[in-house]
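The ATP binding site annotation in TrEMBL covers G240, G241, P242, G243, T244, G245, K246, T247. Annotation source TrEMBL lists domain 'UvrD-like helicase ATP-binding' at 219-511.
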Amino acid sequence: MQTRRSHSAREKSSDIHSKILELTALTWCFTKVRGRVPAPVFSCFAVVCRNSPKRRFPEEAVAARLLLTRCPTSNTVTGGKQPVPQLAIAPTFLNDFSRLDSGVQHTVLTAVRSYLAGDSGRLQAVTDASDPRVRVLQISPDWSGIVAPSQEGSYCLVGVRRHDEAISYARTYRAPGGLELDLVEMPAPPEPAEAAAPVRGPADLADALALPFAEWRLSLDPDHQRLATAHFAGSAQVTGGPGTGKTVLALHRAAYLAERDAVEYGPAARPSVLLTTGSRTLAQTLSAQLDRLVSAPDVRRRIEVVTVDSLARGVLSESTGIPPEILSDEELAERWRTAARIDGLPFSGRFLVDEWQQVILAQDLTSLADYIRCERNGRMLHLAPEFRPHVWEAIQRYTGAMRAAGEWSYPQVAHEAARALRTQGPRYRHIVVTESQDLHPAHWRLLRAAVPEGPDDLFLLGDPAQRLVDTRVSLASLGINVRGRGHRLRTSYRVSQEILDWALPILGRSTGPAAEGYASVLHGPEPVVQGCASRAEEWTALSEWLQAQLAAGAQPESIAVAGRNQWVVRIITKELHANGIATAPLNSSADVDAVRVGTLHGLKGQEFRYVALVGLSEPLLPPKAAISAAEGDPVAMEQVYQEERHLLFTACTRARDALYVSYVGAPSQLLPESVHLAR
């Protein structure tokens, strides 16, 4: 049951869109590039409403910090340049702005126009503020904006409230420092633009928007833009917590490399850039976002977007002529558990599967002698050398039976595909990897074989704290050297500090977000935790929460509801339909007017303003099947819990504005201790 946005809703969206464009037009200049470098250079960035009926932009473009600055003008007295007021806009401001009535919106535009014209008196300090750097921007006697320091000489407009409420909020607001980048290798300066044209009003802006979309780049933080267009002597790695802009940076990096290749090499018969990840849902989302970001067909054709497992399966199918039949880890663990019991081995099926995939395949061990000598990194259970021959023989016997039946595991397919590519040769000039923390060493060998070693070969983005699988093998040992080309994004522009504070204990850590490298410029409500006595009560509570968000002005497509497995997803969909709430899969097109529904895994790499996680009860999280497979093996059991903690943390941090969590009976022990204490 999916519905398209109504005509009246589109008109309202268009009106808000026009006002935001008016705000942008006051301050924005763009650079049109006709020279060798195809990517335009922005001296400041346009704010474009994501609900524009004419144009669709990736959600991350709005979520990014958007810099507004008026074009420098000559000072006739000094002959120099006037100081340039700078103001950043946070997503929370856009939320507040869209809910104001038309008259107040106009007043906000006037106030920002005045400030950017040099009326610094509108920016006022706040008495008794927790952070003395925080200011309020006087909009009218009744309304004020909350302004936080962004970087030296610039501020970030984080909201607009009635004056008394703005003062109260500003007094408790604490702003972390600006975006930090530990840059070791600095990119080369951009080539000079050929011509710049200022946009001084809505008419000029309309003409500018009529340009081919290939001449535009969506808004990026200046530091992110520098990384997206940098030239690296080899592979580079970017790490950062939730909401620090890794996904949008991956999109821009892929687009930039494809554009550069198009200029340097001309038309291509096959893609030269691979944008890849471990999640099928995320890969589909990335592909759709690239379709909106890159309009030039010859450039878009240069970028292939597939999961690493899809790449591996395709390579192996081409090499053998037979598509591999792939078994899940749970299926393998159950089969090997039965086989080990028959053979009288004192090992669980889960232990044997993990030993094979995380030690033998991870280190590409090909002999018993290699296995006896190896370091079993990441494996918590000590295995004495005298036991290793028995484990090796069992694994060789079980994998031999798999080969005879034409059955494979995902890491095994990647392992064999890497061998095939080392013979066939590379397929791409550049590879961009997002959510890289989840890849198996066999995946890394495949990617290393898929691109020749050299400048800008691999660009890796990930967050070690969101790792779902623990395979501790260094990139350098796999032929991927990022030394001196590592960068860290430290500030979140999506997830509120309250959600970060609540979610971090899920990882089993007691330190605060700042100590873990997580900090946010955004603040919002505390997560809502709903304990229920029955399933029926849980679905009723969920429907009421969703209806409240929709009644407050939330767009349905900005809301996601997720459960641990497909069984929960089917029930969610059925119950929401019964309550008159339309639903659509997580990776649906942006113009489908429906609440998104999917699994916790499907949320990975996604972003929504409102996220509800349901069914987080003890019997469902961790899943019974995973617990049963690890039964009797404390090390395997701990690994199950570790993977589930990372999965839950990742799902919680997909929320930008609000997080809702519910369970029936006993909550999962993976939830923060505060949930259990509050029962």
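Every residue gets a Cβ built from N, Cα and C, even glycine.
The shown structure was predicted, so the numbers you read here are calculated from the model rather than taken from an experiment.
Sequence-distant neighbours of K246 (ATP binding site) (same chain, six or more apart, CB under 8 Å from its CB) are V238, G240, T434, L461, G462, D463, L489, listed in sequence order. Summary: among the binding-site residues (G240, G243), the fewest other C-beta atoms within 10 A of the C-beta are counted at G240. Cβ neighbours within 10 Å of P242 (ATP binding site), excluding its own Cβ and spanning all shown chains: 24. Taking every protein chain shown into account, T244, T247 are the binding-site residues, and of these the Cβ with the most other Cβ atoms within 10 Å belongs to T244. Neighbours of the ATP site: apart from G240, G241, P242, G243, T244, G245, K246, T247, residues of the same chain with C-beta atoms within 8 angstroms of the site's C-beta centroid are D463, L489, S492, R494. Within 10 Å of the C-beta of G241 (ATP binding site) there are 26 other C-beta atoms, taking all protein chains into account. Cβ contacts within 10 Å of G245 (ATP binding site), excluding its own Cβ and spanning all protein chains shown: 27. In the three-state DSSP scheme, T244 (ATP binding site) falls into the coil class.
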